[in-house]
Structure formats: structure tokens, C-alpha cells
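S.K.: As annotated by TrEMBL, substrate binding site applies to ARG41, MET215. Feature annotation from TrEMBL assigns domain 'Alanine racemase C-terminal' to 146-270. For TYR167, the entry in TrEMBL reads active site, proton acceptor.
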Amino acid sequence: MIAAQRLHTAVHSPEQLAALEQADLPEPVTVWMKLDTGMHRLGVRPEEAEAFYQRLSQCKNVRQPVNVVSHFARADEPTCGATERQLDIFTTFTEGKPGLRSIAASGGILLWPQSHYDWVRPGIILYGVSPLDDRSTGKDFGCQPVMTLTSSLIAVREHKAGEPVGYGGTWISERDTRLGVVAMGYGDGYPRAAPSGTPVLVNGREVPIVGRVAMDMICVDLGPQAQDKAGDAVVLWGEGLPVERIAEITKVSAYELITRLTSRVAMKYFD
């Protein structure tokens with residue numbers, strides 16, 4: 001299929017290399033040799049890399065030249081020496097070799113310009129989200145969020161001071177107020193770990209979640225003078241409420257938040 005569709009393929013193990021050498025292909029394929037520079041997940045170890053590369057260079061099924069790819073383990077940590085060590089290994093191995101080179105994903109693109117080489121591989125920054133764990137947001141790097149998770153109020157209720165809310169009664173109001181019930185829960189992929197105080201936007205203003213996140217519903221404290229009503233819009237994250245902020249509060253990675261929404265969440269795409 002790779003040859004028929006003219007796809008690029010990564011080769012990272014002796015088993016793959018042997019299969020490629022023995023294959024009967026209609027035409028050579030474009031290969032990226034995966035070099036393990038320090039991620040220690042996939043790839044050829046540096047001490048074995050030159051022999052591996054030479055076999056690829058001599059393989060009739062490989063379109064020449066051979067390209068080389070690797071992946072950073074800690075590119076989102078600007079003061080960490082691990083990235084510089086990986087760069088040294090990658091640069092030393094690829095120096096003088098004619099193929100394309102690629103090692104930078106989102107963190108490398110933003111923090112390590114010397115790692116850009118020929119191809120970069122943006123990931124989370126395509127969502128407009130920062131890959132860094134330092135309270136930054138995508139907007140700090142000129143990115144815009146491309147995902148907004150929205151829902152609506154399904155009820156607005158009067159709530160008395162001293163009354164608990166939700167499973168376990170973990171939040172008790174200190175005043176008479178109005179509660180909103182939002183049609184969103186961990187069954188949709190919203191983090192169950194979100195504590196009371198986690199913000200959402202109701203009609204554009206920030207209000208806190210109160211009580212535990214349930215499978216299908218979240219309660220929010222609208223305030224005693226609130227004029228919100230059932231059907232009003234709620235933003236869980238996105239425009240006006242960065243997902244990075246929700247990640248920080250809930251201790252759930254922004255990567256996980258934007259990729260774990262369940263199939264019951266309707267997706268709408270806009271140009």
C-alpha cells in the first residue's frame with residue numbers, strides 16, 4: 001500500500017528493514033529512518049545507526065536519498081539540557097548526509113529554532129494551544145484557539161444558603177444564589193477532576209463550577225442577581241477561556257482535554 005499510494009514511511013527497527021529488503025515492490029518508497037536520539041521509544045540507537053543507514057542506502061526498494069527523523073523528549077522545557085544533547089546526536093549523525101532531516105514538533109518549533117532543519121511537525125500548536133507547562137497560552141505565541149467547547153444551560157434554579165450541591169454534597173453555598181445546570185459532563189470528555197471554582201463562561205461572563213462534575217451535567221454558581229435562563233450559551237473552553245487554564249486547574253494535560261471528547265459531542269467545522 002505504501003508504494004501504491006506513494007506514501008512516506010518511517011523505518012525504526014531491524015525487522016522493518018529486513019522486510020523492506022525482501023519486499024517485492026512496484027517502485028521504491030520514500031523512507032525516513034527513525035534515529036533514537038534520547039526519547040528511547042522508537043528508533044535506531046546511535047551506535048547502530050550508521051550500519052542501518054547504509055543498508056537503507058543500498059536497498060533497491062528505498063527511494064534515495066534516505067531521510068532521517070527523530071523526536072524530542074523534553075523540548076517543552078527551555079532550560080533542560082536533554083534537548084541540546086539530542087540535537088548534538090542528530091546533527092552529528094546527519095551531517096554530510098544528503099537526505100531531508102526532521103526533529104522538531106511543537107515545542108521545538110517554538111523554543112529551538114536551530115532544530116527546524118528541513119521539515120517541522122506541528123502538533124498541538126495546530127489547535128492554537130501552547131505545548132509548554134508554564135501557564136503560557138497559544139496566544140502568547142501568536143496562535144488562535146481553533147476549538148471551542150460549548151453547551152447550554154438546561155435549568156436555572158434558586159438555591160438557599162447552607163444547601164449542598166451534587167454528589168457527595170462537596171460544595172455548600174454560603175449565600176442565597178442561583179444555580180445553572182450545564183449539559184456537559186465526564187461522559188462528554190469534560191474532566192471529572194475539575195474542582196469547584198473551575199471557570200466556565202455563561203453569556204460571556206466567568207462563573208465557577210460548584211460540586212462534582214457528573215456524567216451528563218455540571219452545576220455553576222450564576223450569582224444571586226443572575227438573569228441567565230435555560231438555553232443560554234456556555235463555553236467550557238476555547239475563545240475567551242483558554243484550554244490551558246482548564247488544564248492547569250484540573251491537572252489534566254491540554255493535550256488530553258482536546259483529544260478525549262467523546263462521540264456524543266457534536267462537531268461543527270467553520271472556515
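For all residues, glycine too, the Cβ spot is worked out from N, Cα and C.
Automatic prediction, not curation, is the source of TrEMBL annotations.
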S.K.: Using DSSP and three states only, what is ARG41 (substrate binding site)?
M.R.: coil
S.K.: Using DSSP reduced to three states, classify MET215 (substrate binding site) as helix, strand or coil.
M.R.: coil
S.K.: Of the residues in the domain 'Alanine racemase C-terminal' (146-270), how many are helix, strand and coil by DSSP?
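M.R.: DSSP composition of the domain 'Alanine racemase C-terminal' (146-270): 20 helix, 42 strand, 63 coil.
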S.K.: For a quick check of packing: other C-beta atoms within 10 Å of the C-beta of ARG41 (substrate binding site), how many?
M.R.: 10
S.K.: Same-chain residues six or more away whose CB lies under 8 A from the CB of the residue listed as 'active site, proton acceptor'?
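M.R.: In sequence order, GLY211, ARG212, ALA214 meet the Cβ cut-off.
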S.K.: Sorted by position, what residues of the same chain at least six away from MET215 (substrate binding site) have a C-beta under 8 A from it?
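M.R.: MET215 (substrate binding site) has long-range Cβ partners GLY185, TYR186, GLY187.
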S.K.: Any idea what the model's mean pLDDT is for the domain 'Alanine racemase C-terminal' (146-270)?
M.R.: 97
